[in-house]
Amino acid sequence: MAELGAGGDGHRGGDGAVRSETAPDSYKVQDKKNASSRPASAISGQNNNHSGNKPDPPPVLRVDDRQRLARERREEREKQLAAREIVWLEREERARQHYEKHLEERKKRLEEQRQKEERRRAAVEEKRRQRLEEDKERHEAVVRRTMERSQKPKQKHNRWSWGGSLHGSPSIHSADPDRRSVSTMNLSKYVDPVISKRLSSSSATLLNSPDRARRLQLSPWESSVVNRLLTPTHSFLARSKSTAALSGEAASCSPIIMPYKAAHSRNSMDRPKLFVTPPEGSSRRRIIHGTASYKKERERENVLFLTSGTRRAVSPSNPKARQPARSRLWLPSKSLPHLPGTPRPTSSLPPGSVKAAPAQVRPPSPGNIRPVKREVKVEPEKKDPEKEPQKVANEPSLKGRAPLVKVEEATVEERTPAEPEVGPAAPAMAPAPASAPAPASAPAPAPVPTPAMVSAPSSTVNASASVKTSAGTTDPEEATRLLAEKRRLAREQREKEERERREQEELERQKREELAQRVAEERTTRREEESRRLEAEQAREKEEQLQRQAEERALREREEAERAQRQKEEEARVREEAERVRQEREKHFQREEQERLERKKRLEEIMKRTRRTEATDKKTSDQRNGDIAKGALTGGTEVSALPCTTNAPGNGKPVGSPHVVTSHQSKVTVESTPDLEKQPNENGVSVQNENFEEIINLPIGSKPSRLDVTNSESPEIPLNPILAFDDEGTLGPLPQVDGVQTQQTAEVI
């Protein structure tokens with residue numbers, strides 16, 4: 001058995017943890033096995049009740065140890081799985097926190113970028129609003145200054161104006177429609193120098209003011225505002241038409257002067273209407289207001305013309321301002337050619353009057369001297385003022401503004417044909433109702449910026465033609481032809497300027513559109529870049545997330561494979577351990593069986609020696625029949641007591657020991673019965689008292705007597721049954737064999 005323990009320990013030496021855990025239990029099992037298989041010499045002095053203290057069978061303890069080890073391994077594996085699960089959960093929690101942190105950072109970054117864009121957009125809007133406010137304030141200041149400057153010279157000119165009494169006639173209101181028409185031809189026929197002076201008063205003074213150079217440097221929008229200020233309104237055109245009709249019938253050179261209050265109210269009503277509205281809708285609203293008040297203005301002006309008194313005002317002379325103009329006007333007049341078809345008026349005038357004519361013309365009003373650049377409307381506007389809103393609405397390229405053109409006065413060379421007729425104009429003023437001094441007749445050849453868009457030379461020619469017609473000294477057809485020629489030139493100039501202005505506006509509009517398109521393209525490009533960047537970032541994050549998930553999935557699969565591999569290895573190790581235990585058990589059983597057979601052989605040898613000694617003792621003794629019977633009876637009683645002693649400590653197996661004892665003692669009884677039968681049956685006391693005492697003291701010695709009795713009673717029972725040794729794989733007979741061995745040893749001793 002020591003070899004078994006050593007072999008078991010050597011076999012378990014390669015298991016590591018299993019060996020360390022099961023070492024104490026294996027030592028206990030080994031001690032129990034050693035205690036159960038000690039040699040017979042170690043327990044020779046023990047009593048018969050020694051069999052009651054035998055340990056439990058080793059295989060039962062081995063099964064408990066296996067169950068306990070399996071339970072411990074199972075608990076250890078559960079602990080490892082729980083720890084691994086905790087590690088997985090912690091790793092997933094860290095990954096989730098990292099992903100949430102990444103999302104928070106990205107969201108914060110996008111929010112900061114959006115706020116930055118909002119702040120930048122708000123700053124741009126604020127700058128734009130401030131710039132618009134500054135432009136608006138500057139424009140309002142320019143308009144205010146322009147209105148102030150346009151009103152001051154008008155008041156001053158009203159003081160310079162002079163006029164005579166009008167010949168009121170009832171035919172003013174009943175004039176034919178041709179004379180009330182607004183067309184250029186009809187107005188040009190009845191133009192009077194006084195009307196020319198009135199029409200050119202504000203514009204000529206304003207455009208010839210000292211700060212003209214500074215105002216010409218304004219922006220295009222400001223220039224358009226100033227040009228609209230200088231554009232004549234419908235009421236102005238109505239007044240001009242009425243004045244032309246009156247001057248044609250009365251043939252008077254006296255200017256008609258509107259009272260200051262009426263002029264001031266007209267300016268205060270008309271001009272704010274031009275600038276309160278935005279630039280795009282200003283012309284349309286102005287035209288609507290002007291059309292609505294057209295008839296009222298005509299009637300009021302006619303009444304004023306009829307009720308105004310004849311006044312005379314001396315035009316103040318400013319030598320510093322008029323000296324260059326006089327030089328421009330009169331220096332070229334010495335070599336001027338006469339108009340074709342116009343006779344030289346020399347016979348009807350005395351030489352003194354001819355010489356006095358230049359002196360009378362010398363002090364002209366400021367509108368006669370300087371070439372005036374005037375902003376007026378196009379000819380089609382003047383033909384039908386009622387249809388003006390429709391025409392303005394059909395011109396989207398001008399953005400609702402009325403077409404404005406600039407008419408420059410002709411230079412000194414263009415005015416040369418009308419200069420020789422200034423002299424004859426002086427005597428024609430003698431029949432006037434209000435006599436005027438010689439210097440006062442000079443304002444007659446004033447430039448006429450009338451609604452017919454004629455220049456100063458044309459008005460001068462028309463005025464002189466009308467005077468000569470009354471005097472019978474000038475051909476009106478020639479004057480009309482010259483006027484038409486100058487109107488044609490002026491119209492061509494206007495058309496040219498209009499084309500240039502439209503081209504300039506078109507260029508500006510294209511520039512604005514290109515700028516807006518470029519800004520929109522830049523904004524679109526920025527948005528596309530931002531969207532592409534966001535898409536790329538999202539794609540990158542998605543790819544990273546997919547890669548991370550793939551890595552985690554691969555890690556989980558690898559861990560699952562490792563766990564399955566470890567589980568398989570554990571199961572294989574358990575199977576190997578079970579196989580090893582089974583082999584050890586088989587080896588153990590084989591060794592026990594071998595030892596049992598050896599003990600059986602030793603017992604047989606002992607029994608043979610015992611039978612030989614008994615046979616020799618019986619042969620030498622002389623016995624009697626009564627003693628033998630008595631001894632047999634005594635032996636039977638002792639034999640009957642023997643099974644009680646042997647069956648009591650049998651641990652619930654009382655059947656096995658009698659069979660074993662019987663099997664071991666069968667040969668003894670078989671061999672001893674012939675000797676007993678051969679003994680002489682004699683009366684008296686037997687000689688074998690000492691041997692009988694020995695048999696009484698040793699219970700094993702009484703077995704042959706009991707067997708003899710049983711054999712004599714039932715001869716059918718075989719004397720040597722071998723059934724007890726056929727089942728060599730059972731564990732039950734092993735303790736009984738040990739009990740038999742101890743009894744036989746005691747018998748031998």
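Here, residue 1 is simply the first one shown, and the rest follow in order.
Placed from the backbone N, Cα and C atoms, the Cβ positions cover glycine too.
Over in Swiss-Prot, the protein carries these features:
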type	residues	note
COILED	89-152	coiled coil
COILED	477-612	coiled coil
COMPBIAS	434-450	compositional bias 'Pro residues'
CROSSLNK	Lys273	SUMO2 cross-link
CROSSLNK	Lys295	SUMO2 cross-link
CROSSLNK	Lys373	SUMO2 cross-link
CROSSLNK	Lys377	SUMO2 cross-link
CROSSLNK	Lys406	SUMO2 cross-link
MOD_RES	Ser161	phosphoserine
MOD_RES	Ser165	phosphoserine
MOD_RES	Ser183	phosphoserine
MOD_RES	Ser200	phosphoserine
MOD_RES	Ser202	phosphoserine
MOD_RES	Ser209	phosphoserine
MOD_RES	Ser219	phosphoserine
MOD_RES	Ser254	phosphoserine
MOD_RES	Ser282	phosphoserine
MOD_RES	Ser335	phosphoserine
MOD_RES	Ser365	phosphoserine
MOD_RES	Thr673	phosphothreonine
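Of all Cβ atoms in the protein chains displayed, 12 besides its own lie within 10 Å of the Cβ of Ser219 (phosphoserine). Averaged across the coiled coil (89-152), the predicted model reaches a pLDDT of 93. Reduced to three states, the DSSP call for Ser219 (phosphoserine) is coil.
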